[in-house]
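These notes are about the structure you will find just below.
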Amino acid sequence: MDTSSKENAHLFHKNSAQPAGGPSFTVGYPSTEEARPCCGKLKVFLGALSFVYFAKALAEGYLKSTVTQIERRFEIPSSLVGIIDGSFEIGNLLVITFVSYFGAKLHRPKIIGAGCLVMGFGTMLIAVPQFFMEKYSYEKYERYSPSSNVTPSISPCYLESSSPSPSSILGKSQNKISHECVGDSSSSMWVYVFLGNLLRGLGETPIQPLGIAYLDDFASEDNAAFYIGCVQTVAIIGPIFGFLLGSLCAKLYVDIGFVNLDHITITPKDPQWVGAWWLGYLIAGFLSLLAAVPFWCLPKTLPRSQSRENSGSTSEKSKFIDDPIHYQMAPGDDKMKIMEMAKDFLPSLKTLFRNPVYILYLCASTVQFNSLFGMVTYKPKYIEQQYGQSSSKANFVIGLINIPAVALGIFSGGIVMKKFRLGICEATKLYLGSSVFGYLLFLSLFALGCENSSVAGLTVSYQGTKPVSYHERALFSDCNSRCKCSDSKWEPMCGDNGITYVSACLAGCQSSSRSGKNIIFSNCTCVGFAAPKSGNWSGMMGRCQKDNGCSQMFLYFLVISVITSYTLSLGGIPGYILLLRCIQPQLKSFALGIYTLAVRVLAGIPAPVYFGVLIDTSCLKWGFKKCGSRGSCRLYDSHAFRHIYLGLTTLLGTVSVFLSMAVLFVLKKKYVSKHSSLITTREKIGMSSSIKKETCAARDRGLQPKYWPGKETRL
């Protein structure tokens, strides 16, 4: 039976031949012959879209790398940092539905360009608080004169017998605190970071649904998956540079250019260190503004490829979409009125929600992104707290090792889809298999943790024994009972016995000296209390480093983390192609918009918040602001942090795997149903038995994938 590709597509959906003049999805698109000179502009659009993906991904990666810096600079808990991180998704939520639906019928490149401008200004707004806040003030021994290299010996411990009147000291201290409280207007400056990130979300809204749909509309079916894979790979390269930029800025002091760095007594390894977090946002904002330029020069539509021109729709869609071919104006039609476009909004939404494959994939992706958003947001903090690494090093290894593995995985997924021409079922199997294997590997990370740092009164007793029962007076002991110490300060000192003390005062140190930036404390009674035979009762400012075994565990963690990242990302492009192929072409942008909306609202906003709230429960020592309110966490329980962080990620990943299995089950069921319905309907057609015999072979050939009009995939 000789039919055109259009008629063959109609045969699968209407079970009858379609007249040659019937409507198809090519309505409104310029023909290949008409717009031949514009063919090269698809590559220009591909390059422009890749660059804007790079710019937005760089800013997102940089934001993740500055989570701990922002937490310390503004003295806020992890839960509030999670809300700031989620403001990007809130901005997306405000306009995503309308942008994805109406934007698909307007000038898509210009809408993307306008979004880039908003995104650029929002990114720069995040850096604004640095120029209006007071200089960063960390907890330090203020009696030391930073202008001198050697400081006379003073006693951190105010002995009862020799200290001046405590009332006079406390009076001066209270006056200072009261004055600082009046002038402390910087405590709410984090709101600008929230608003800037929200603007970033508003500006980013049109990029994914309109950009990917535009690319898929005008690329050949053979190249669509490859092009999308290229864009997604470039998008992963962005965070590499974002984390590397974050690593560089974390080494620079927050007030660089505003203070004399010779007077700074802490180093990047100190838990109170805050890097130049604001600097990277200025760079990322400029790149976003630059990315807007090419989109203002691109046309509203491009010529469709010859394969799309001939086929009109893909065979893969025909097996899973009920009645996909009906007349609707395509994105190329000009001057559609808003009311005309809005008329089909609810019917289109209803059509999407009646698609079981789309809904199940939406649920699976949402749960999986909850896992991924929470994991990525707090990964730098996890590396810092679990393995004792600096913020700069944590960002460096994520940017240089983890993210390239993700990029390679996404690119490999696109190559596999193109080379083996996988159908929807095979793509779903690859997506499911990568998730299962990836989360199984992730389980091994539970065994790669480190012991808690030995901190007197928090993780070990003052005698150095474990465990310690924490209570309100746990930081005080007989060895520091004669000292007038505050238990709210965090001025860590590493004793020669390998135990960290919350402050030199709580270590019972009676004398000290300074040479350059190094402060040596001596005659520390609590150090001798834990190691009475050593005879060396001294210590140095700063936390004690974790043992060498922890460094070895960190290397194993990196290896498993890289393999897991590659495995999970391998299913990214197959999953994306499943999303594009299970819906009607004219609803593609709208479906991508709803998908993005669901991921933003149900994963991007809540995941960092509830991850942060649960992580805060593992805090052992909170810092305090000038006015006495609670600030950011200074020390976490490593065991509790590990179980919360890894356990929650694994739990969500497991749920997403079961939902992905349901997607595959429904796909297979719909294919068998469509296949059987087609054969039954054909057998009812009034034909003579001789004609049936004559056309049987041709019909069987027609059911084989290579005879379907959209030959880009095979089941």
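Yeah, the Cβs are placed from backbone N, Cα and C, and that goes for glycine too.
According to Swiss-Prot, the disulfide bond annotation covers CYS479-CYS509, CYS485-CYS505, CYS494-CYS526, on the basis of sequence analysis. Here Swiss-Prot flags 473-528 as domain 'Kazal-like'. What Swiss-Prot records for ASN452, ASN523, ASN536 is N-linked glycosylation site, and it gives sequence analysis as the kind of evidence. The topological domain 'Extracellular' annotation in Swiss-Prot covers 64-82, 135-187, 257-274, 374-393, 446-557, 616-649. As annotated by Swiss-Prot, transmembrane segment applies to 44-63, 83-103, 110-134, 188-216, 236-256, 275-299, 352-373, 394-417, 422-445, 558-580, 590-615, 650-667.
For the transmembrane segment (188-216), the residues of the chain that approach it from at least six positions outside its boundaries are 42, 45-46, 49, 52-53, 56, 59, 63, 70, 74, 76, 80, 83-85, 87-96, 99-100, 103-104, 108-109, 111-112, 114-129, 132-133, 224, 227-228, 231, 281, 288, 576, 580, 588-590, 592-593, 596, 600, judged by C-beta separation under 8 angstroms. Among the listed disulfide-bonded residues, namely CYS479, CYS485, CYS505, the Cβ with the most fellow Cβ atoms inside 10 Å is that of CYS505. DSSP assigns CYS505 (disulfide bond) to coil in the three-state reduction, outside any helix or strand. Of the candidate disulfide-bonded residues, CYS479, CYS485, CYS494, CYS526, the one lying closest to ASN452 (N-linked glycosylation site) when CA atoms are compared is CYS494. When averaged over the topological domain 'Extracellular' (616-649), pLDDT in the model lands at 88.
Broken down with DSSP, the topological domain 'Extracellular' (616-649) shows 13 helix, 13 strand, 8 coil. Around ASN523 (N-linked glycosylation site), taking its Cβ as the centre, 16 other Cβ atoms fall within 10 Å, counting all chains. Touching of the transmembrane segment (394-417) and the transmembrane segment (110-134) is ruled out by the presence of fewer than three CB pairs under 8 A, sequence neighbours closer than 6 excluded. For the transmembrane segment (275-299), the most Cβ-contacting stretch among 44-63, 110-134, 236-256, 590-615 is 110-134 (pairs under 8 Å). On the backbone, the CA of CYS505 (disulfide bond) and the CA of ASN523 (N-linked glycosylation site) stand 11 Å apart. Nearest Cα neighbour of ASN523 (N-linked glycosylation site) among the listed disulfide-bonded residues (CYS479, CYS494, CYS509): CYS509.
Ranked by CA distance from CYS494 (disulfide bond), the disulfide-bonded residues CYS479, CYS485, CYS509 have CYS509 at the top as the closest. A distance of 12 Å separates the Cα atom of CYS479 (disulfide bond) from that of CYS485 (disulfide bond).
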